[in-house]
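For reference, the structure discussed in these notes is given below.
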Amino acid sequence: MNRTKSSKRWLQEHFDDVYVKKAQAEGYRSRAVYKLKEIDDKESLIKPGMTVVDLGAAPGGWTQYASEKMRGSGRLVALDILPMDALPNVEFILGDFREDNVLQELINLIPQRTLDLLLSDMAPNMSGSSAIDIPRAMYLVELAFDFAEKMLKPGGNMLVKIFHGSGFDELVKQARASFEKVVIRKPSASRSRSKETYLLAKGYNL
């Protein structure tokens with residue numbers, strides 16, 4: 001079967017991508033690790049001894065980076081609807097975060113109000129239609145935010161992928177009502193044509 005022009009272009013861009021090459025050279029599972037690293041370098045989000053949850057973790061770039069920063073201490077739980085190869089000192093849940101039984105499995109692992117940091121790089125399968133994709137993406141952000149409000153300890157932090165579009169301003173407003181500091185970041189590793197950004201919320205207020 002012949003590849004479409006768009007898929008050929010994507011593959012060419014992918015293999016020419018400086019972050020893809022860097023990830024391969026440095027032993028990381030995905031280029032996405034550099035999005036988290038850039039933000040963490042500025043904000044010092046991840047430290048040894050923390051309790052951290054990583055949503056939308058597969059193939060494991062963010063989890064891999066967090067595990068390295070935590071140096072085998074604390075607790076790191078990763079969750080994804082797709083399988084992920086094991087990583088040192090990481091507990092992995094295979095399941096759909098939108099399903100109640102999967103959410104409960106995660107809650108059972110993390111005592112309430114002990115979570116230091118919630119990471120979420122979750123995104124829906126993209127259809128190419130903003131009218132479909134943005135609401136799906138915002139729903140995942142809302143679920144992550146609800147989980148954070150239930151589980152974060154006072155002063156805890158959250159970093160979630162969020163797409164510009166309908167509902168964006170309302171979610172930012174909601175975050176500002178619950179956290180001391182809220183900023184929007186677009187790391188240099190994010191593709192320029194992508195609508196993705198990252199909402200960083202620090203200092204959770206009960």
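Don't overthink the numbers, they just go from 1 along the chain as shown.
Positions of Cβ are set from backbone N, Cα and C atoms, glycine also.
Copied over from Swiss-Prot, here are the features:
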type	residues	note
ACT_SITE	Lys161	active site, proton acceptor
BINDING	Gly60, Trp62, Asp80, Asp96, Asp121	S-adenosyl-L-methionine binding site
Check your understanding: Between Asp80 (S-adenosyl-L-methionine binding site) and Lys161 (active site, proton acceptor), how far is it from one CA atom to the other, in Å?
Key -> 15
Check your understanding: How many whole Å apart are the CA atoms of Asp121 (S-adenosyl-L-methionine binding site) and Lys161 (active site, proton acceptor)?
Key -> 5
Review point. Where the record says Gly60, Trp62, Asp80, Asp96, Asp121 bind S-adenosyl-L-methionine, what is the longest distance in Å from one Cα to another among those residues?
Key: 18
Check your understanding: Can you tell me the three-state DSSP label for Asp80 (S-adenosyl-L-methionine binding site)?
Key -> strand
Revision key, fill the gap. Cβ proximity for Gly60 (S-adenosyl-L-methionine binding site), under 8 A, sequence spacing 6+, ordered by residue number, returns Arg29, Ser30, Ala78, Met84, Asp85, Leu87
Review point. Hey, how far is the residue listed as 'active site, proton acceptor' from Trp62 (S-adenosyl-L-methionine binding site), Cα to Cα, in Å?
Key: 12
Practice item. Would you mind checking how many other C-beta atoms are within 10 angstroms of the C-beta on Asp121 (S-adenosyl-L-methionine binding site)? Key: 22
Study note, to complete from the structure: Comparing local Cβ density (other Cβ atoms within 10 Å) for the binding-site residues Asp80, Asp96 points to Asp80
